[in-house]
């Protein structure tokens with residue numbers, strides 16, 4: 001015991017010293033690999049601190065152990081997920097420029113010795129907002145090995161597969177029913193909007209994974225204070241602030257849930273576990289807090305743009321004020337709820353979802369059944385069911401009600417795992433009811449399986465329609481331009497794009513041409529001073545720009561495609 005206390009004290013001293021060293025480097029902007037190493041040691045020291053302060057329980061007491069049979073189930077669920085992601089990921093007309101902008105940031109990271117590990121990326125003028133390096137550094141090896149569209153998307157698959165596993169484990173932890181966990185995981189995998197957005201290589205998926213991991217770890221800690229769960233909660237909660245803005249709600253949400261849990265059932269060991277997890281999260285994210293306070297408050301960048309009260313992207317008549325809050329907010333809520341069932345009510349930032357409703361009536365019925373099931377659990381004083389429902393409602397409010405309209409389904413994607421859990425439990429209620437009131441348990445199971453099959457068919461079909469509808473909603477000219485580039489260039493050639501420097505086309509084409517072509521994007525005058533390219537692409541061509549191109553490149557011939565190219569002109573430099 002004495003030896004364990006000494007080890008814990010030394011770990012605390014080491015953590016404080018490492019935090020001080022990292023903080024000084026970040027404050028002085030002298031970040032190096034040494035700084036990163038100190039931060040990693042800081043996190044590692046907390047692993048030993050949690051083990052020292054919280055005694056490990058015997059394995060037999062762990063209610064969350066995964067059996068060999070469940071490992072096989074999780075493997076099958078992972079395969080299902082990958083098949084769905086692959087199928088929609090290979091659809092050529094299914095894409096969003098955000099995935100190529102973030103991938104380009106990851107691909108062009110400087111060498112490790114020169115990376116500002118506690119800064120933000122990309123440059124302020126490259127995208128709508130900036131994020132810490134976590135997502136980009138984890139994506140880096142994927143797209144360096146596979147600089148293709150599928151490589152970009154494969155880089156986010158581990159997050160989605162991980163989220164599916166958490167959905168299964170969380171549902172099992174709350175309901176104590178493996179059957180419901182199986183249905184919940186499948187419901188999340190195949191829900192139409194998840195198949196639509198999950199197959200894109202977006203940074204959202206990392207934030208969703210870390211958010212779900214935080215909630216699941218919190219639930220486990222509330223029941224059994226295992227050191228590993230405390231450590232995972234602290235790290236995953238910190239990671240929520242290193243990515244997707246919608247995940248920022250994790251701290252106020254867990255603080256509120258923690259206070260309620262302590263009021264309902266005070267326990268000293270539980271309080272210690274919550275405190276340690278909070279300190280781990282705070283220490284882990286402190287370097288970025290220092291950077292934000294000292295240099296660039298990236299935490300508020302996206303919030304300042306899209307919040308309905310003062311957002312710079314919100315038109316004045318749509319902003320919520322003290323005078324109109326009682327009328328405008330209820331109207332917004334009704335509009336958002338209607339978009340869940342009615343077409344042509346959503347889509348912002350070119351995340352169109354085919355201009356379709358979020359859910360079909362069949363899925364809504366299952367969702368409502370699942371919500372009723374969890375409300376019954378709450379009445380029966382199941383605290384984790386309360387955490388789930390509260391999380392789902394708060395995410396709905398912060399991701400849609402308090403952000404710009406039309407309804408931003410892509411921001412609501414962080415809520416899809418909870419929606420999937422409710423839908424899955426809605427399917428499983430037939431099995432539960434039949435098992436309770438009849439001896440023919442297999443009949444209830446068969447009915448639930450038939451509901452699942454129908455659900456998968458309906459939602460996969462709807463996801464396909466979403467992708468198909470996007471053909472008429474989204475500008476598809478980049479696909480035609482990519483064909484021209486492949487047809488008229490060779491590896492190592494350069495392509496010049498005459499447009500504003502931040503235009504995303506070159507970033508997209510880079511991955512569509514497997515990273516073999518060099519793209520230079522700049523305004524007309526700057527581009528004209530560069531070496532002669534193989535192809536010249538002009539955005540929004542006008543007579544002045546076209547004349548300048550012909551004057552600079554007399555042998556350039558325009559490739560006419562009046563059917564697909566309306567906003568661009570493509571020249572081959574013969």
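Just so you know, glycine gets a Cβ as well, placed from its N, Cα and C.
TrEMBL entries are annotated by machine, without manual review.
Database features (TrEMBL):
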- 33-51: transmembrane segment (TRANSMEM)
- 72-90: transmembrane segment (TRANSMEM)
- 150-170: transmembrane segment (TRANSMEM)
- 202-219: transmembrane segment (TRANSMEM)
- 231-251: transmembrane segment (TRANSMEM)
- 271-293: transmembrane segment (TRANSMEM)
- 351-377: transmembrane segment (TRANSMEM)
- 383-402: transmembrane segment (TRANSMEM)
- 414-434: transmembrane segment (TRANSMEM)
- 440-458: transmembrane segment (TRANSMEM)
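With a threshold of 8 Å between CB atoms, the same-chain residues lying at least 6 positions outside the transmembrane segment (150-170) that come near it are 64, 66, 70, 73-74, 77-78, 81-82, 85, 89-90, 99-100, 103, 106, 138-139, 142-143, 181-182, 184-185, 188-189, 198-203, 205-206, 208-209, 212-213, 215-216, 219, 388, 417, 420-421, 511. The transmembrane segment (271-293) makes no contact with the transmembrane segment (72-90), as judged by fewer than three Cβ pairs under 8 Å among residues 6 or more apart in sequence. Fewer than three CB pairs closer than 8 A are found between the transmembrane segment (231-251) and the transmembrane segment (440-458), and contact between the two stretches is not assigned (pairs 6 or more residues apart).
The stretch in 72-90, 202-219, 351-377, 414-434 that contributes the largest number of Cβ pairs under 8 Å to the transmembrane segment (440-458) is 414-434. For the transmembrane segment (33-51), same-chain residues at least 6 beyond its ends with a Cβ under 8 Å from one of its own Cβ atoms are 7-8, 11-12, 14-15, 18-19, 21-22, 25-26, 112-113, 117-118, 227-228, 230-231, 234-235, 276, 279-280, 283-284, 287. Sequence-distant contacts of the transmembrane segment (202-219) (same chain, at least 6 residues past either end, Cβ-Cβ under 8 Å): 96, 98-99, 102, 131, 134-135, 138, 156, 159-160, 162-163, 166-167, 169-170, 173-174, 229-230, 232-233, 236-237, 239-240, 243-247, 250, 254, 257-258, 277, 384, 387-388, 391, 410, 413-414, 416-417.
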